[in-house]
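Undergrad: What follows is a single structure, and I will ask about it in a moment.
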């Protein structure tokens, strides 16, 4: 395999298991309470899809606008000519459904009977009373909307990427940016905030204009691309609306690990255990994460749980993501075919234009979606797949699993395809190379564990998927059900 001038293809990095361990243990190795973040919670590594981006990249805490260049990024005679990014929206409010559950739990605490009012044996104070007296500031209108912290997530991501890839994000390319978004407000607003961050990069100190007045225009809504799961009949029928599809999630809720937490929380909050259930426990845990992510405060809701509880609740969340968005059912990942094809169409077009000595029409493509957009795509490409499926009955065996959603798709998570043109390539095949980045860190290719791939080799590896994975065919309803991937 050629290495080329300067830095072409590299030798394989650590084996897949070692790589996953390194990626997924990054939070544990870097103690958040020692990272200079004064309000970080010890529970932060276990918040799943409600995880802050800076908890996955703690190096951002001192200066979130400063780019960090992964040493594995290509340099020398290989020049980036196109960047295609799939970006999850920034930090958001809870959904209206989550807020209603929290209100239900809060009312339960306020209505505590004569058993309430005693100090907790573990904390030395009545946590239930503290939470009952604490006003709820969440309201139904918030319903998953982007918060100011989420706008900041996007502006800062834009500044870092523009600094990291100056030739792609140069002022001259601003009018050629292509932005696509889900119709959800949090995604549209994330795209707008990203553009504002870029504009500030070009015009520091000046207030950005309305995005409609920017050269590139506002993000275009395309739910068929960014919310493909809503347009896939097979997924909707066999998973989304199938009462038995999330069997392992429901079974874990009534399993011994969750029942132990239920008893413990009932004792801590001093409420009858029969008034609690796994959903209320989970919303209390998420409220700890929302207060931290949105307001930057360590909430008293965090005092209800310890790290062992957090690990169990993280697994409950991961079970849902696994069976609904990951490897649980084949249709989960196959429903993302339309997005996968779209990415390679952009890359193909850039290669063709470069070969004809034409300017790249779209040097930067930014696609704003959801965790539910990214997880199926990563699964389709073979990332973070464990040897055994996650089930309700193998929690202990999966303690070191690769599939940990919070470490993969936190708020503002991003998957970047970076296409290079290498001037001094010895053969035409070596002229175009690709790297992938997940959350601004080079992601070794799932099939080779190398950090760089010849573009032709990458297409050949996914040839079967690209040729067979057509959204219209994949999403047709058949009489048979999806099987385990």
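Including glycine, each Cβ sits where the backbone N, Cα and C put it.
In case it helps, TrEMBL gives these features for our protein:
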SIGNAL    1-30  signal peptide
DISULFID  78-422  disulfide bond
DISULFID  288-302  disulfide bond
Undergrad: Long-range same-chain neighbours of residue 302 (disulfide bond), Cβ under 8 Å, sequence gap at least 6?
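TA: Correct list: 41, 43, 288, 291, 292.
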Undergrad: Count the other Cβ atoms sitting within 10 Å of the Cβ of residue 288 (disulfide bond), across every protein chain shown.
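TA: Total other Cβ atoms inside 10 Å, all chains included: 24.
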Undergrad: Using other CB atoms within 10 angstroms as the count, which residue among the disulfide-bonded residues 78, 422 scores least?
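TA: Among the disulfide-bonded residues 78, 422, the sparsest Cβ neighbourhood within 10 Å belongs to 422.
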